[in-house]
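Annotation comment: TrEMBL describes 23-195 as domain 'Ammonium transporter AmtB-like'. Here TrEMBL flags 23-45, 52-74, 115-134, 141-162, 174-195 as transmembrane segment.
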Amino acid sequence: MDLPSNLKSDEASPEWMNKGDNAWQVTAATLVGLQCVPGLVIFYGGMVKKKWAINSAFMALYAFAAVLICWVGWGFRMAFGDKFQVFIGKPDVSLDQKFLLGQAFLGYFPTATMVFFQFVFAAITPILIGGALLGRMNFIAWMLFVPLWHTFSYTIGAYSIWCPEGWLAKLGVIDFAGGYVIHLSSGVAGFTAAYW
């Protein structure tokens, strides 16, 4: 059967890619990204005193931008890449052509879509921590905290549970809707940081 020209495979839409799966992954990721910026930026700005509103907005905006750099630079491969240690993957750039040419391990969408989808969840996690630290942490300390926490806490949790090679995944741990990796890790980190 001859398909219409808009449904035929080409370089931009290979045969293995499901356009519906890809479109939904990008849409869902965009909606989560909108929860971060502007959603939590506005929410946190309205929660605090007027003198801290700008600082709280910058904390959320910085966390989103810093995690983007960390995630593309090394975080995605630490969370979903080749095994480096029992609890972490090997850090490497996630948007190089050699890595992107391989199909994502889930579904029928490109690896770049998976990088974007997982990025917004990685970005919202330190922003949730920031909610516990509003008015308690200065911006310079936050600038150091976000990349370090992302590298040494979030990626370890993501690799352990979400990566098929992770030790918790091999034990059969199932993380429903990011309950462990996102909510538990941000809650414990926020509680600990607010306590100190």
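Using N, Cα and C of the backbone, Cβ positions are placed for all residues, glycine too.
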Discussion item. Take the C-beta pairs under 8 A between the transmembrane segment (23-45) and each of 52-74, 141-162, 174-195. Which stretch has the highest count?
Written reply: 52-74
Practice prompt. State the mean pLDDT for the domain 'Ammonium transporter AmtB-like' (23-195).
Written response: 92
